[in-house]
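Features of the protein shown, as given by Swiss-Prot:
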type: BINDING; residues: Arg23, Glu80, Lys120, Lys454; note: (6S)-5-formyl-5,6,7,8-tetrahydrofolate binding site
type: DOMAIN; residues: 216-377; note: domain 'TrmE-type G'
type: BINDING; residues: 226-231, 245-251, 270-273, 335-338, 358-360; note: GTP binding site
type: BINDING; residues: Asn226, Thr245, Ile247, Thr250; note: K(+) binding site
type: BINDING; residues: Ser230, Thr251; note: Mg(2+) binding site
Amino acid sequence: MSHNDTIVAQATPPGRGGVGILRISGLKARDVAQEVLGKLPKPRYADYLPFKDVDGSALDQGIALWFPGPNSFTGEDVLELQGHGGPVILDLLLKRILTLPGVRIARPGEFSERAFLNDKLDLAQAEAIADLIDASSEQAARSALNSLQGAFSARVNHLVEALTHLRIYVEAAIDFPDEEIDFLSDGKIEAQLNGVIADLDAVRTEARQGSLLREGMKVVIAGRPNAGKSSLLNALAGREAAIVTDIAGTTRDVLREHIHIDGMPLHIIDTAGLRDANDEVERIGIERAWQEIEQADRVLFMVDGTTTDAVDPADIWPDFIARLPKNLPITVVRNKADITGETLGISEVNGHSLVRLSARTGEGVDVLRNNLKQSMGFETNMEGGFLARRRHLQALAEAANHLEQGKAQLLGAWAGELLAEELRLAQQSLSEITGEFTSDDLLGRIFSSFCIGK
């Protein structure tokens, strides 16, 4: 579809509401105003007017806002009609607007896409609009707003600018070898490169925090039947999300709860008790449990403290540990401390966290909450933080890899040309975040996930 078309869409959620908003953007927005309102409202002033049908009768009445381009969200002429939020009224008004030539329904995210294409937003800011709408916590919303206001983009642009200056110095020295500049050995380039690498590492750390806020962490509770997995799910969720009985195999399917710990979203998954089951339904539940374990960010290995004194996971259940994906983090949870009399708290055993608690009474659960937060490197106080997506983390990682490769070329092979190429590739990876070097296919995938009226 052409970006020269005029587009229209409902900007408020579907259904009944006090106010319903239609947004129009493009060259024909002026014609829509003349036809529907009978006049062109004063720019950026609210005008209370009837919204007219083809025959001149009123369909509704409400507020009209006129934003002539380029001083608008999309950079084009934009008209907003704010009427009553009844679906029938909005549908009649939308059909009236679509009778005008050159006007069509907007695709999902097309308003934000046009803002990006018209340099009103960079790509990271455009993505932040969707993240702000989808934010599941106050901290996620604040970080998304920071991204929308350019906090993330500013950090990326600072890195790109630093790389630009470094490339200029390196490539000038390559192009003018007769000048008395021994750029490979004077230490200046290495110092500047180390500075950029350090700055990039800091941005990556903040981006991982932002990704946690946006994506959350998937935590799977796994263990033998009757270890207290469902009781722990209920304790973490703060409600009776799962049925708890003394009958082994009560949980036969996957149960999911979405919770927050100091603003960090967690996807907690309770699974069927792992054992050799004869029941077909229970076997299916166990298969699903292993599927969830293989996709987890962390496993809470639930142990009934009344059945064993062992604390090393390899001693508790070696077959279970052997089947876990390599490098999957584990927190061993020794449950039923209210019965065993074990001291509540946390310790380290062979590189694994060990938490002693009682899921039934809730004692020690706060220790586990803090362990989950710290295990992901999450910090509660993130003033000025920003949200990040997986593609951002990937681009930052690629840039870091190119800088390390460039440093190796500088110090190991004294290869200035190869260093310059690695710097260029690092710069390109960073520019993909803000959209300076981004394929049309990626843009389509990003904006198609937006709301229709955004």
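Quick reminder: no glycine exception, Cβ is built from N, Cα and C everywhere.
Projection of Swiss-Prot feature records onto the structure.
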residue: Arg23; record: (6S)-5-formyl-5,6,7,8-tetrahydrofolate binding site; Cβ neighbours (10 Å): 24
residue: Glu80; record: (6S)-5-formyl-5,6,7,8-tetrahydrofolate binding site; Cβ neighbours (10 Å): 21
residue: Lys120; record: (6S)-5-formyl-5,6,7,8-tetrahydrofolate binding site; Cβ neighbours (10 Å): 19
residue: Asn226; record: GTP binding site; Cβ neighbours (10 Å): 21
residue: Lys229; record: GTP binding site; Cβ neighbours (10 Å): 31
residue: Ser230; record: Mg(2+) binding site; Cβ neighbours (10 Å): 24
residue: Ala272; record: GTP binding site; Cβ neighbours (10 Å): 27
residue: Lys336; record: GTP binding site; Cβ neighbours (10 Å): 22
residue: Ser358; record: GTP binding site; Cβ neighbours (10 Å): 23
CA-CA within 10 A of Ala272 (GTP binding site), subset of binding-site residues Glu80, Lys120, Ser230 in residue order, equals Ser230
Can you tell me the CA-to-CA distance separating Asn226 (GTP binding site) and Arg23 ((6S)-5-formyl-5,6,7,8-tetrahydrofolate binding site), as a whole number of Å? 56
Could you state the CA-to-CA distance between Glu80 ((6S)-5-formyl-5,6,7,8-tetrahydrofolate binding site) and Lys336 (GTP binding site) to the nearest Å? 60
